[in-house]
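Structure record follows, encoded as structure tokens.
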Amino acid sequence: MASTTPITMEDLQKALEAQSRALRAELAAGASQSRRPRPPRQRDSSTSGDDSGRDSGGPRRRRGNRGRGQRRDWSRAPPPPEERQETRSQTPAPKPSRAPPQQPQPPRMQTGRGGSAPRPELGPPTNPFQAAVARGLRPPLHDPDTEAPTEACVTSWLWSEGEGAVFYRVDLHFTNLGTPPLDEDGRWDPALMYNPCGPEPPAHVVRAYNQPAGDVRGVWGKGERTYAEQDFRVGGTRWHRLLRMPVRGLDGDSAPLPPHTTERIETRSARHPWRIRFGAPQAFLAGLLLATVAVGTARAGLQPRADMAAPPTLPQPPCAHGQHYGHHHHQLPFLGHDGHHGGTLRVGQHYRNASDVLPGHWLQGGWGCYNLSDWHQGTHVCHTKHMDFWCVEHDRPPPATPTPLTTAANSTTAATPATAPAPCHAGLNDSCGGFLSGCGPMRLRHGADTRCGRLICGLSTTAQYPPTRFGCAMRWGLPPWELVVLTARPEDGWTCRGVPAHPGARCPELVSPMGRATCSPASALWLATANALSLDHALAAFVLLVPWVLIFMVCRRACRRRGAAAALTAVVLQGYNPPAYGEEAFTYLCTAPGCATQAPVPVRLAGVRFESKIVDGGCFAPWDLEATGACICEIPTDVSCEGLGAWVPAAPCARIWNGTQRACTFWAVNAYSSGGYAQLASYFNPGGSYYKQYHPTACEVEPAFGHSDAACWGFPTDTVMSVFALASYVQHPHKTVRVKFHTETRTVWQLSVAGVSCNVTTEHPFCNTPHGQLEVQVPPDPGDLVEYIMNYTGNQQSRWGLGSPNCHGPDWASPVCQRHSPDCSRLVGATPERPRLRLVDADDPLLRTAPGPGEVWVTPVIGSQARKCGLHIRAGPYGHATVEMPEWIHAHTTSDPWHPPGPLGLKFKTVRPVALPRTLAPPRNVRVTGCYQCGTPALVEGLAPGGGNCHLTVNGEDLGAVPPGKFVTAALLNTPPPYQVSCGGESDRATARVIDPAAQSFTGVVYGTHTTAVSETRQTWAEWAAAHWWQLTLGAICALPLAGLLACCAKCLYYLRGAIAPR
């Protein structure tokens, strides 16, 4: 009896599970019989009990695990494995009666006494609560009889055309038990799948969700998720529905879909049966793209290909050349003839030898006039005050019989015909204003170069070259094509077998530091990738059209229905939370290592380094101006290094005596009698001819009456004194300069942001820290650098030149543009002119100034004993040979290549507001070093006041903002000292050590043709359109798909607005 055995919780649970299994079998059998009659067949004893208990007249039950009467929520506590393996109960259950199929009825509930009772009839579900009551309790996540994987909660979407772009999101439980059954009218009722697990939607959304519909407009799939798109009407309002569907059924077969009435996609895969497929329109667009590429390739034909050509420079109209040069412009480019170093120049109305007019170091190298056509013409460039000066000159026609001149590489006498050689004229007419000091033609860069420099002076402009252009020509032999040089820009460095390329040259392949150029069709495809945007490569159409075509195809497939916005949000954008920042703070940080600021967290510059590729440029020995001398309290009889050995050091005297362009002078100061000779004034007449009769010497002998002889004190009544000075340019054995080229440089800034270290560059200027994101306004990389490693008597230091030198322009005479030797034995440049010696008294006001170029001042100094005097020697700049001296390197280079012209800008994105003040107090200890109006930035250093950023101004010129503390910046100064500096308020005087612009001017000479930068153009719109027809055609082709794409994106954005933030 039941009274003798107590009922435990395990027994009750097993009973409930058995009743649940029986009820599920009853519901499944009743639902099948209500939809279609089962054919009569023989049943075995295991299933006859279940069929005998069915009630054919009961209400129709729906298949599935909804409303099965179980009391336990299996989603929280699944049954143990041994309980799931129990056999089904063989107790016959009452057969449910069948009901009319017009209205679904609520399921029966199993009672504790073994009977069943219907739930109260609630009619069609109008809210989530009624829908849940109509289905029974929430189904489990796992079916007790299977091990099929399920998902806890999935998302479906609904939207109505009557409500605009308002999307409703429905979160519901979804079990992988197969597709719900169809109603008798063939419609698919999703109400069986409605079991909300998120916020309850409004009642009209639930009614629309439960509305049966059999039309499927499209299928969306991604990964293991599949969505079916439907549209239908509810009460006259058109609704759209995006439902999550199962991928596979329990039996392993693909779950069948409802019948499609609008579109059916047949693409299948082993894992995901429903995918998106591109059809005929996309194939047509791809074919059109390939046809465009084929047509463009056929148009290009055989064209030269260069993997990295020089940047193009469009020639300007010759409106600034003058009337006498314009008629030659159509003949460019052209080749010149060599000149020789012994030519003549016309200055004013007189002709003078070049050696009398040009600086001395022009005479040693090869140079010549440039012959345009029937006139001798030339161009002369001088750089000063941030600009270049040039003009074009012409003189009388050459003689009727041309005469070959000496080559640039060989300055010796060449073979000449019977006629006299034509002088190299570079006439200077009145428009040039006479000969400019320090200007002259250029030495040739390469021995096989048949061109020569041109004399330039006068008008203000900047010289340029036409861009390098190539052509292709066929020839007999292998390879059957060769490259023809149409125009060549020398700084591009194109060479053919080691010889510079000239206009008209033919070569199978050209090589330059930037790459290779060839006409080979085999390399055209690969080389066209680098030049994809040029006019001659049809690959430009491919590069420009492919992204738009791909975006158009994707957006066309995604935006063809209004459900695309919801599909994209559900499949792609769901769960994405973009970062947001509250406030931004901006400040500056100086570029010296160790600088710190508050932005608002502490930011410190830990260090700066740069990375580059190094190419060795050789080594050279610079010229060195060396001088020595002696002050003697008598007149020597042997004026030489041997005769003056007691007063003059032997080693430097011998080195200077054996140098080039030596200057040697001997002065007799107030001499009256010495050694028994009557020293009269005529004895030291100018030139010293009378003195040399008795004392032969190689030095110039000059009297110095009127100079102070107080250096030789002790004999006031019989005072005699002489001064000897010797100077020349020598090659010092312990002074060398090695050149290294740095390319592809990249500056790396090492920052510490509130203790977090990070590196920023121009490619990645961000630091992501726990306090926020720091964006650094990094100055541009310095580009190419030239390093001069100077070793002067054991003291080695490095100087840096910014940028690649323009060896055919302003930097023609810099040491880096010369050919060096690995053993540092070659001297740079030509032999300089001889220095000038001058005797100056100790109280002469002239000593308050500096010696001029190429001058050496000697001054006697009173000794500590009687008849013992010394000599003070001061040497000025090196005159015309300045660019070949160590001081030129110091003036045109810097000691720190990583120093940018201004501070670093810091933009810190944080969640709290930060406001940094601006100070108006003047900066302190400001020092300006460098030059003004010379094209080289001057260095400005100082100490900015605290309290905020300082907007630094120098003589009214804004140099940008600097942070508080020590700052170092650079700027082009256009005004001479004194300099007034301020931060926007009170100003202060800055100390300055600047050089006059005349001391920083240098000469540059150009090769070949040159054009000028003008402020206007004579090109019409028709000419511009004819020159850019390929770009205009390509733009018109891209405009049509771009317009359609923009319209498609606008439609997508309208519906995406509500899909991202659904109700």
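Glycine residues also receive a Cβ, built from the backbone N, Cα and C atoms like all the rest.
The disulfide bond recorded by Swiss-Prot for CYS653 joins it to CYS641 [selected from CYS641, CYS664]. Of the listed cysteines (CYS369, CYS382, CYS391, CYS824), only CYS824 is recorded by Swiss-Prot as the disulfide partner of CYS619. When the recorded positions ASN658, ASN670, ASN759 are ranked by how far their Cα is from the Cα of ASN791 (N-linked glycosylation site), ASN658 comes first. Cα of ASN670 (Ca(2+) binding site) to Cα of ASN759 (N-linked glycosylation site): a distance of 72 Å.
Counting only the Cα atoms, the space from ASN759 (N-linked glycosylation site) to ASN658 (N-linked glycosylation site) is about 56 angstrom. Cβ contacts within 10 Å of ASN670 (Ca(2+) binding site), excluding its own Cβ and spanning all protein chains shown: 16. Sequence-distant contacts of ASN658 (N-linked glycosylation site), defined by Cβ-Cβ distance under 8 angstroms and a gap of at least six in the same chain, are VAL730.
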